[in-house]
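Engineer: First, the structure itself, so that you have it in front of you.
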Amino acid sequence: MDVYGAASTSTTTILFLFRSKVLRYCSWLRRQPNHPPSSSFSPSTAIKLLLAHSIVLTPHHSFLLSSWNSLLSAFSAHSSLLPFVLLSFSSLATSPLRPDEFSFAISLSASAKLNHLLFGTLLHSSLFKSGFHSSRFCQASLIHMYAKCGSLSLARSIFDHHHHLDTVSCTALISAYVRAGFPTHALQLFDKMLKAGSFPDQVALVTVINAYIHLGMLHHACRLFQHMPSPNVVAWNVMISAHAKTGHFSDALAFFRQMTKSGVKSSRSTLGSVLSAIAGLAALDDGLLVHAHAIKQGFDSNIYVGSSLINMYGKCQMLDAAKRVFDAISHKNRVVWNAMLGVYAHGGYFNNVMELFFTMTRCGIDLDEFAYTSILSSCACSRYIEIGRQLHSAIIKTRFAINLFVNNALVDMYAKAGALKEARRQFELMKNRDNVSWNAIIVGYVKEEEERDAFNMFQRMILHGVVPDEVSMASILSACGSVKVLETGLQFHCLSVKLGLETNLFAGSSLIDMYSKCGAIEDAREIYSSMPEWSVVSMNALIAGYALNDTKEAINLLHEMQVLGLKPSEITFASLIDACKGSPKVILGMQIHCAVLKRGLLHGSEFLGTSLLVMYMDSERIADANILFSEFSNLKSTVLWTALISGHAQNDCSDEALNLYREMRDNNILPDQATFVTVLRACALLSSLQDGKAIHALIFHTSFDLDELTSSALVDMYAKCGDVKSAVQVFEELGIKKTVISWNSMIVGFAKNGYAESALKVFDEMTQSRIKPDDVTFLGMLTACSHAGWVFEGRRIFDVMVNCYGIEPRVDHYACMVDLFGRWGFLKEAEELIDKLDVEPNAMVWSNLLGACRIHGDDKRGQRAAKNLIELEPQNSSPYVLLSNMYASTGHWDEAKSLRRAMIQKDIQKMPGCSWIAVGQKTTSFVAGDNTSHPNSDEISQALKHLTALMKDNRFQEDRISQVDQT
């Protein structure tokens, strides 16, 4: 400071030294990314010194004013120092000096950045008094200030009073209109500017391009860009970003390539935008080139570019590469963490999401709405639903409890995990909802096959004024297809037309799927033909529809898909494979199997593997299914094991099904609901109570006893094994019985075991619980009545089924009624019922009548029943044997012998009687007349001879009688 106070120093020297110090300070400020909180030469000190010198050295006005402007400019370059711009101007205004247009312009710019309308208005007033209001430079600054502060009317007023449409003023107002969300006004002003002959600069052109983009007029933006002379990096960035954000990924990549050829150096924004486009295309090769470009420019560890690289590698399924980029970023902010979380979440790597989440927590990273969304989406996996609930509790304590995105993620998590009550509760608690909120709950209901609730929520959404989008329309159309309500689907189709969504790829594909599932395949084809473009999804929907009835057309569509350059997916082949079940079409299925192998789609695919296993099993090609299973690399898959076990069970290989289940458990693979249901059915068929009890123990330990379907299978198993007490216990312990299946299991179980009263009691409880009985329910009730001899009750139940519940009787129901009438001597009524049938009586109907005729000795009706039964099943020995026994019991020996001779002539063999016993884990069967096939037949024969000798021994009989008397 001595140099400033030296009396001997000349005024010129003082001014020179002072200005040099101010300029050095201003230069130093511009070089600092962040101004330090304390400095020996602080902003306040600079202002005070400059003010003091302005008072002392007033005659040197222009020299000092340039120093003021330099200081104002330096302060305005730092967001943290913007308030000092206003303080500096105020100090300048109180000094003997007079601010010039540059002082006003810089100060107005600072007011705009600070959104300080009051100070800007004061500057406007001072500007007017100073006579600078006609300055083009100041007018542009005023327009910019008012526009930034939200006073567009004042900005336009100043512009309209501006006599010259200069580029700066026009650009300022055009930018203001674009920022404020009025792109149309911006374009109108641009047209006015062009008509006035004012040539726009690059800033104005970029601003107008932004306006076109905001209006969705991408073509106009491209045309204007093409007329730009030597566009700068900002212009290129706008074009690349616009195309990337609107899904035109290939065009965005093409713009980047043109920019590189033009020699324009990329910025961080450029690389981030083009990487986003590459991620959308999953174009790994291009991504690797851009990554190399980023490394060359030193942007690879930049937070914005790094997060874009992570996202790109994630979309290209290169998780290791994404993780390497993540690890290489030394200073990670939440954007980087969220990018890595998003990659894991979208890829379905739930364990990685949880691991990263716990690491974030340990590192003290505060979660934001994006992090919560990714983590909650992973918690939708049933394994992590409890963590999701804990996270929900933590969210309630934070500011994110009312955040729309987080609440949507919570609803989505509970819905996807099947916890619909919690999802609905969270949905109802939300004060604000958007389309995503409604979509989450509707999709959840459709996924869990709660179509009625889905329809109700969709109707409620419309009543709340929320316009359905492609997601909600696709979901509700899927619900229509699932329950096959074509009329309702037609109404939703009309709504989709009204909303302009019928040609949308997503909603259009769902329309095709809905019509296909409802059997209206021609309507599905018409929708497909009207779509402007086709995707794999839309073609898959049509292929699945044709595969059910017209396999040839489905194959033609597969060829058409390949001609269009679309790549068939797993779903494409699975739909075709499902149509190839049964012997006639299995050869075609084997050809499709070869095509799947050729494309490498079977490796690690549970979906296709299961479809192929089911196809072979349904075609009774068990050996082929076993070979296919042995070739799978993923033998830890519960789904594949279940498919194999189920296939053996349905092909009457229940013993092998149980052995496969044991092998599965030996490999430490836990069964799921489908496995338990399948293997319990095998136990029921084998009457293997011991195996069933062992499986029940595992069901209890794995908490599947709370599952209604599994418990229903348990009830059925115990009932068919004769352990009615255990069946009742399982049924009563089942807390939730919301489906008819569990009730049917108990009713049929009681009926088969002769507990008619108990069956009727359960039926009454079922109707009181508002569970609607189905055809299986009434079949069980009729069986119970037949076994108990309740002819009148059976008639009543049959009438209730038809008249009250509107259930069309199947042949099974009529067969049961014939058994009910015939078993208890009402043979005339049984025959009359058969004669009145609208459907052709099957073998079971005639067999029941024949059995009743044998019991009651009705030869005439018995002959009629036997004749029809023989016509239906010529090789079945049952009608011959029954009718022969009937003749023998009434003394008609000639007729009996005649039937026996007919059997011999037609080579009809009577199936021998069979019994079995379970010892340990092995079930052994014994066939009547077979004395040699059992491995221990000699020992068994000796034991039987010994027992026969004992029974013939009178002493043995007398001893047994005396023992009985004593007891």
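Each Cβ is built from the backbone N, Cα and C atoms, and glycine gets one as well.
Dumping what TrEMBL says about this protein:
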REPEAT    166-200  repeat 'PPR'
REPEAT    232-266  repeat 'PPR'
REPEAT    333-367  repeat 'PPR'
REPEAT    434-468  repeat 'PPR'
REPEAT    504-538  repeat 'PPR'
REPEAT    637-671  repeat 'PPR'
REPEAT    739-773  repeat 'PPR'
REPEAT    876-910  repeat 'PPR'
Engineer: For the repeat 'PPR' (232-266), DSSP counts of helix, strand and coil?
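Structural biologist: So the counts come to 26 helix, 0 strand, 9 coil.
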Engineer: Using DSSP, how many residues of the repeat 'PPR' (739-773) fall into helix, strand and coil, respectively?
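Structural biologist: Final tally across the stretch: 26 helix, 0 strand, 9 coil.
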Engineer: Summarise the model confidence on the repeat 'PPR' (876-910) as a single mean pLDDT, whole number.
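Structural biologist: A mean pLDDT of 70 is what the predicted model shows over the repeat 'PPR' (876-910).
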Engineer: How about long-range neighbours of the repeat 'PPR' (434-468): same chain, 6 or more residues beyond its ends, C-beta under 8 Å?
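Structural biologist: Sequence-distant neighbours of the repeat 'PPR' (434-468): 404, 407-408, 411-412, 414-416, 418, 420, 423-424, 427, 475-476, 478-479, 482-483, 488, 495, 499, 501.
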Engineer: Do any residues of this chain, six or more beyond the ends of the repeat 'PPR' (739-773), have a C-beta under 8 angstroms from a C-beta of it, and if so which?
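Structural biologist: Result: 708-709, 711-713, 715-716, 718-720, 722, 724, 727-728, 731, 779-781, 783-785, 787-788, 790, 793, 801, 805.
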Engineer: Go through the chain and flag residues at least 6 beyond the ends of the repeat 'PPR' (504-538) whose CB is under 8 A from any CB in it; none is fine as an answer.
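Structural biologist: Same-chain contacts beyond the ends: 470-471, 473-475, 477-478, 480-482, 484-486, 489, 492-493, 496, 544-546, 548-550, 561, 564, 566-569, 572.
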Engineer: Which residues of the same chain, at least 6 past either end of the repeat 'PPR' (637-671), have a Cβ under 8 Å from a Cβ in it?
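Structural biologist: Same-chain contacts beyond the ends: 606, 609-610, 613-614, 616-618, 620, 622, 625-626, 629, 678-679, 681-683, 685-686, 688, 691, 695, 698, 702, 921, 923.
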